[in-house]
Amino acid sequence: MTMIFGVPLAVFMGQLLLGLINGAFYALLSLGLAVIFGLLKIVNFAHGAMYMLGAFATLLGMRYLGINFWAALVLAPLFVGLLGMLVERFLLRRIGHLDHLYGLLLTFGLALIFEGTLVNFFGVSGARYPTPEALQGGFQTGFMFLPKYRAFVLVAAIAVCLVTWYIIERTRLGAYLRAGTENPALMQAFGVNVPLLVTLTYGFGVALAAFAGVLAAPLYPVSPTMGSNLLIVVFAVVVIGGMGSILGAVLTGLGMGLIEGLTKVYYPEAANTVIFLVMILVLMLRPAGLFGKEA
Amino acid sequence: MATTQTQTLTPSMKRERRANQRRYAFYLALIVIGLVAPFFAYPVFLMKVLCFALFACAFNLLLGYAGLLSFGHAAFLATGGYVTGYLLSSYPAITPELGILVGTGAAVLLGLAFGALAIRRQGIYFAMVTLALAQMVFFFFVQAPFTGGEDGLHGVPRGHLFGFISLRNNLAMYYFVFVIFLIGFAIVQRAVHSPYGQVLKAIRENEPRAVSLGYNVDAYKLLAFVLSAGLAGLAGSTKTVVFQLASLTDAHWHMSGEVILMTLLGGVGTLFGPVVGAGLVVSLQHMLAQSPLGTWVGPILGVIFVICVLSFRSGIVGEAMKMYRKNFK
């Protein structure tokens with residue numbers, strides 16, 4: 001059997017794939033955070049809760065409305081996106097003129113409400129969502145078994161990241177968005193409806209989180225606390241990459257997933273903490289983050 | 001020495017002197033209330049309030065006066081608690097005050113390390129960095145051999161204060177905790193009203209200007225962080241002795257959120273705000289735990305959070321002071 005530094009190739013590749021899939025989730029979530037941060041200048045602490053709501057919408061939609069996975073892939077982000085737009089319109093907008101730390105605190109309160117409410121109805125243990133039929137089974141590639149669903153998650157996540165990048169960097173709407181990030185007051189003066197743009201942006205950002213949640217539903221147990229633990233890691237990823245660029249967020253997310261996967265192979269005790277250690281290293285060597293622009 | 005210096009006081013000096021007298025009278029009244037409180041309320045409950053009040057005061061020193069929002073203060077509370085708990089359970093010869101001192105020292109060292117890292121970023125990044133570092137500490141306590149993992153440390157002996165005053169008695173324990181709280185509060189009070197505190201406020205209001213005035217901003221921030229971490233550790237150590245327990249609850253990020261809520265509810269940047277906030281939140285948890293709403297503590301705290309941020313940002317003490325100023329001055 002082929003060995004890589006004393007580890008069988010199949011195990012090595014398996015962990016690498018797991019790491020890459022985790023990385024895809026980090027990428028989707030930090031992408032949403034970066035999009036929201038760009039225009040609203042707040043860190044959305046409710047992002048983990050939105051991811052969790054996406055997964056729950058999928059689970060409950062299947063259980064009570066008979067929605068299948070493919071429909072959920074569209075409907076759950078739509079539902080959570082609308083919820084996010086309401087949150088922005090009626091809560092976040094009221095504190096838009098204040099120190100941005102208040103936005104962080106407000107969304108933290110929202111996260112507590114969403115999470116705690118669902119804990120009361122569903123407990124903390126969580127439920128499983130079956131893998132959709134079309135994606136069961138897998139491919140036998142010479143050196144390892146590649147489950148179809150995991151391959152799908154990877155492709156779907158990266159595709160969504162690329163589409164987001166295209167919209168923001170190459171379309172007129174994206175140009176408005178970037179201009180709004182630079183100077184909202186001037187945009188408003190040019191006749192662009194900036195408040196609407198902000199609402200849509202927040203909705204879009206949390207819809208990305210919900211999309212990640214739908215993808216996660218068949219992989220991880222769906223539980224009310226699934227988002228908050230993930231979010232803290234994503235925060236570390238965001239600190240490492242900086243929120244300056246879209247591609248930076250995506251690359252950092254995937255890269256950190258890979259590093260985590262490798263750590264699981266060679267030193268499993270540190271798998272939980274390796275991303276935080278990378279964060280410390282980055283803070284010491286390049287405090288602005290790998291792709292950060294601020295001084 | 002016959003100094004015939006009959007100083008004539010200007011009206012503003014007189015006003016200031018009167019204000020100081022009023023302030024000291026107020027402090028004295030509060031100390032008296034603290035001394036008689038255990039005869040009217042359950043001492044263990046009061047001790048819990050005092051521990052969290054000290055924790056919130058420590059947090060407020062950083063947020064209220066230096067403008068730094070730490071989302072990882074649970075790490076210092078838990079470090080103080082675990083170190084003290086481990087020492088007191090493993091080495092019976094160690095007296096409680098020594099255990100608390102070492103626990104506080106451990107939190108100071110951790111604060112020094114985290115502070116040096118975290119102050120390299122500002123604003124929301126600072127919050128995210130502290131949160132991530134604290135999560136790392138949480139994982140450390142889950143895995144470390146001396147913390148008892150998921151179970152935590154149980155049955156930490158209260159021992160004998162200075163080797164001869166038994167702390168088994170709740171009343172004795174209460175007065176010990178009360179003295180610790182007063183010391184911690186006095187440190188915060190002193191720091192805030194010193195020239196050092198003035199510079200901190202200047203940094204909070206306008207950091208670039210403070211830099212251009214020649215202040216070593218990083219050193220000021222780091223000292224504030226270390227002071228705050230140490231006091232949070234003191235609170236955690238004391239809490240462990242009181243409840244004879246150190247557990248992962250103290251290290252969880254929910255705890256970091258709770259202390260923010262206490263401070264926000266009571267009044268950020270006011271001396272007594274965190275004390276009031278801690279008292280309210282602890283009482284609320286206490287009441288809810290006994291009611292059918294026991295499992296709804298999280299969402300209820302979340303709702304209070306949202307309301308505070310939306311329309312009650314000065315907190316209870318802050319609003320009260322505003323009203324006082326408007327009506328009596």
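The backbone N, Cα and C atoms fix where each Cβ goes, glycine too.
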Transmembrane segment per TrEMBL - which of B:75-94, B:235-254: B:75-94
The transmembrane segment (B:100-119) versus listed stretches B:24-41, B:47-68, B:75-94: most Cβ pairs under 8 Å: B:75-94
Recorded stretch, among B:126-146, B:172-192, B:259-284, B:296-316, maximising Cβ pairs under 8 Å relative to the transmembrane segment (B:24-41): B:172-192
